[in-house]
Amino acid sequence: MKSSRTVTLYFVLIVICSSEATWSRPAEPIVHPLILQEHELAGEELLRPKRAVAVGGPVAEEYTVDVEISFENVSFLESIRAHLNSLRFPVQGNGTDILSMAMTTVCTPTGNDLLCFCEKGYQWPEERCLSSLTCQEHDSALPGRYCNCLKGLPPQGPFCQLPETYITLKIKVRLNIGFQEDLENTSSALYRSYKTDLERAFRAGYRTLPGFRSVTVTQFTKGSVVVDYIVEVASAPLPGSIHKANEQVIQNLNQTYKMDYNSFQGTPSNETKFTVTPEFIFEGDNVTLECESEFVSSNTSWFYGEKRSDIQNSDKFSIHTSIINNISLVTRLTIFNFTQHDAGLYGCNVTLDIFEYGTVRKLDVTPIRILAKEERKVVCDNNPISLNCCSENIANWSRIEWKQEGKINIEGTPETDLESSCSTYTLKADGTQCPSGSSGTTVIYTCEFVSVYGAKGSKNIAVTFTSVANLTITPDPISVSEGQSFSITCLSDVSSFDEVYWNTSAGIKIHPRFYTMRRYRDGAESVLTVKTSTREWNGTYHCIFRYKNSYSIATKDVTVHPLPLESDIMMDPLEASGLCTSSHQFKCCIEENDGEEYIVTFHVDSSSFPAEREVIGKQACYTYSLPGKLPSRCPKDIDVFCHFTNAANSSVRSPSMKLTLVPGKNITCQDPIIGIGEPGKVIQKLCQFAGVSRSPGQTIGGTVTYKCVGSQWKEETRACISAPINGLLQLAKALIKSPSQDQKLPKYLRDLSVSTGKEEQDIRSSPGSLGAIISILDLLSTVPTQVNSEMMRDILATINVILDKSTLNSWEKLLQQQSNQSSQFLQSVERFSKALELGDSTPPFLFHPNVQMKSMVIKRGHAQMYQQKFVFTDSDLWGDVAIDECQLGSLQPDSSIVTVAFPTLKAILAQDGQRKTPSNSLVMTTTVSHNIVKPFRISMTFKNNHRSGGKPQCVFWNFSLANNTGGWDSSGCTVEDDGRDNRDRVFCKCNHLTSFSILMSPDSPDPGSLLKILLDIISYIGLGFSIVSLAACLVVEAMVWKSVTKNRTSYMRHICIVNIALCLLIADIWFIVAGAIHDGHYPLNETACVAATFFIHFFYLSVFFWMLTLGLMLFYRLIFILHDASKSTQKAIAFSLGYGCPLIISSITVGVTQPQEVYMRKNACWLNWEDTRALLAFAIPALIIVVVNVSITVVVITKILRPSVGDKPGKQEKSSLFQISKSIGVLTPLLGLTWGFGLATVIQGSNAVFHIIFTLLNAFQGLFILLFGCLWDQKVQEALLHKFSLSRWSSQHSKSTSLGSSTPVFSMSSPISRRFNNLFGKTGTYNVSTPETTSSSVENSSSAYSLLN
């Protein structure tokens, strides 16, 4: 037994050996412990074969043998380690070779414990770490992964083992020998030989690495010979160990391989772990990057960006590197206050010998987004209000803080939930904390989010504290009488509010049209104004200022004393004749009002007399009898009126009653009710007092007109209004003055439809009742409120009654008395249609025998066209209306389109006073609830009831015609062919002509006519030729410019030609733009149309003025020969005249007329003619220039034909001058002819020939410019021939010119030229258009369309 003082040290060797012996027995221990007894290792398998024994013969086998050595002297350990390191492997023996030996486990006594450590690269198996006692205080392994120290040897083994995971080192090395193809064949002898020799050398060199397992050659590649191999080790090599191993490899390798030591190159796998904290980086965070590597090295670095810039310790960066237990390395980079500028690529490098390990990570910054309402308004009324701040970012917030800054200090209570990243700050401000009358004291509250890593994000909330408004209302008591006006002023000392409104004591809101609101810097004011008070205004009124949920209210009592309105006083007689000696009774009656008594006096001339009161049914009548006496003169006219005074001492007087006192000589007509009169006398009496039959106590309205014929009063006209309808008329007059008209209107419309149905018989016979209903509809349509479907149903029920065929006789009599009633009725219907609010409900189809209504609501993204059809079987009429999607797209969302059709209105509407042309179709009115972009194109189809005779016309109702009584107007509406059989139908559409003939013609041909089609074809074809020709002209001029501008005359001539072509080209393009704007596909954009009109005007004028410049320049060169102005002077004058004058004229025209919106036509983009004669700003300069050019041409031609001695310019100059005269002679007459034909088209009804000639000359003028202004120039011809190197043609041309035996192909005397001259009358052809349009729209027009025959 060993002594306790004996210090024993154990260590275990792993010996890997190879043997060629044949084994016929199981493996047994071949090395036993030197001190431990054999029975202590019973059952422990120390011999582990690497390969199974092959049956049948000797095979080289590899075995791993665990050898346990114990000794008492600790110093022996280092000696044995040194000895093992000095061995050169393989160690050859008799039949067995030792391939490698490694120390795995060392046990040393410490105190009373035996501590067993694993050598580097080895570890205790995991199960031993769990079941045995570990010595944690001495354990250098990373916690939680494995252990490398146990207390005592495990009794049943095993010893320390290589870890199951290992590190693969990929290495390349170069052999400085020639590469042979067999090295690519793994089965070749050369490949096997190289592989065996190299692996033996590699194994011998790398076995010294801790935890070495194996080495394998993987391939040979070219580049001399490059050897790729992998080394597997259990743990990372120590610094310098790879270099040392490489030296051993070269020492152990046969020198014939010529291995290059400097060619060792490591290719590591990713052995670096990279972590970023925090995972999501916010601006302001302190960010930590950590690289962890199992390779321990002192050579570590960090870099930034694509250029891999080195990072050093600074105020911004901090680098810290540590080695853990000598087996792993951790390097940390801390970036302080990370910003958007710091974002990018970051990487770490760990260099170990020939290996470089590292990784790269891109860092992005996430902005902190705080959600909060940036502005809040708080009323200091002690009600709590919450400010909310939330972060969109999911972050590890450490705290959320609230701060405030402002003139007043109002603190709140914070409530924070870090999990939801939200915080609430509750404020509760009372009146003592806010300055009185404060209308906007702002305090900035800031919520700040702070993350664990240092990032901060904040949001400012501007809170405006407003004190509760103190209202001051008109202090004086308000006491008025009916018919008088009053106003109530309500003042607030605070200017901040959300809403101001007035209501009655019953809570009924007053319509905003009755009050105004004004906001001041330190307060606000609202004034309720009633211009005509009624008894309904009697009561208490509340002025209410609302701010958020706080209400400030001021009240005022209003007393309205009853007093009849002047229009409510019924008088008898209105006018009468009486005998000078007889007494006469005057009567004034009003509706009885709950016993209200008035002081009533009658005023006769300058005297007043008290009246007697008598109640008759529902009327209170006041009478006075004028006693009979012989006046100072007879006959005599007397004016009498009654005067009502109420309890408030307010008064009203009636209209005057006229009494004519006569001596009685010629009196032939006498009646106790009507009175007396001489033959031919006409008087009016109220139906109420004319003996018209009525129920007792009822009040009827209207008047009866009588005429004395012979000895009898004959009733001329009767316009009486039945009592029920008269009552409704009086209610309608009161309703439009009522404070609650919105609330009363639906019930009133319902009562009106019921009463109209009951009074249908009276309406048929009484134009007065019919006129009263029209007046009622007119009054009610002015109420500013929305109309719903039920209200519209009641309105159409009323309309159905008054438009019945049986009422046509009443309509005829009514229109004889009041010709504007039909127009007034139609206007009322359109106002109701525009006020119809359909909302989300299904648009109703309202059907009656005499009126139908259909509608549609335009929703956002609406793609369906509006198309409605109306059929009236009883009237044998039908029609439909359509609006395309393009037009609907210009409407506001939720707009309502309403169409109302009437079969009988055609016979009722007033007819054209000149033509007396009736409408023989439906009348359809289409309205849109919101404003529309004009023109708004609409298509309609009507049934044609007059197939055999008459020409149909599409017309609309123009309210402004005939002194605003209205009439049919055909402006802007045309009959078109819709491609179907049109014998029984007429297709109408608003359209605008685009052919050139309309530029000056107010009486343009009808669309669809043969003339219109022909003019359009000529216009489009001509414009195409013109634009192409003008462009070609400019190209030709650019090509030959240097050749044809060698003298001043030619230079200036071509300057003029180029500018004429350029101006005409731009004018034609603008003309196309103008046509596109108004040609049926796009809404007329006013701004674009003004621009198009201006530029057409300007550039067409420029064409004329450049022609004038050309003429003046020719005149100057021929007449003032001795005077020679410089080229720059001529150019300055030319450009000033060519562009300056047109600019001045066109600018003045638009500046004077556009502010009054009379610059251009209503429905076309050209100068106005009807309103301002703006077209003269184009016509007058053009005519003057034509006359001047013609005069110059005559002078020039005369001068050329009869030259004088001494005046003859040089040969080249004369050639140029002759060309100029030729051009002027060709171009100017054509301009004159064009303008002459244009003037001819102005005359209404002008012959179609003028339209055709004008369009033809105007459209093709660009072609004429190219031919006669450019190509006829002999110098241009020569320059073009020379330009294209046509040597034969050019030489012949030159020769013939010099010898005079032939002429140029395009010269004036050539055969071709002569034919040209004969064709065009020896002149060129050039034309400039003078645009104008024909159609004019009427501003005050109806949406009602119909058909005239």
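From the backbone N, Cα and C atoms, a Cβ is placed for every residue, glycine too.
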Record (Swiss-Prot) lists N-linked glycosylation site for one of ASN649, ASN1340, namely ASN649
Checking ASN396, ASN1047 against Swiss-Prot, the one recorded as N-linked glycosylation site is ASN396
Answer for the disulfide partner of CYS447 (Swiss-Prot, candidates CYS348, CYS380, CYS389, CYS543) is CYS389
For ASN666 (N-linked glycosylation site) and ASN470 (N-linked glycosylation site), the CA-to-CA distance in whole Å is 76
Among the glycosylation sites ASN254, ASN820, the one whose Cβ has the most other Cβ atoms within 10 Å is ASN820
In the domain 'GAIN-B' (842-1006), averaged pLDDT is 73
ASN337 (N-linked glycosylation site) has its Cβ surrounded, within 10 angstroms, by a count of other Cβ atoms equal to 15
One should report the C-alpha separation between ASN185 (N-linked glycosylation site) and ASN470 (N-linked glycosylation site), rounded to whole angstrom, as 104
Cα nearest ASN254 (N-linked glycosylation site) among glycosylation sites (ASN94, ASN299, ASN503, ASN820) -> ASN94
Simplified DSSP label at ASN503 (N-linked glycosylation site) comes out strand
Rounded Cα distance in angstrom between ASN503 (N-linked glycosylation site) and ASN470 (N-linked glycosylation site) is 18
Across the glycosylation sites (ASN94, ASN185, ASN470, ASN503, ASN666), the Cβ with the fewest other Cβ atoms inside 10 Å is that of ASN94
For ASN299 (N-linked glycosylation site) and ASN337 (N-linked glycosylation site), the CA-to-CA distance in whole Å is 27
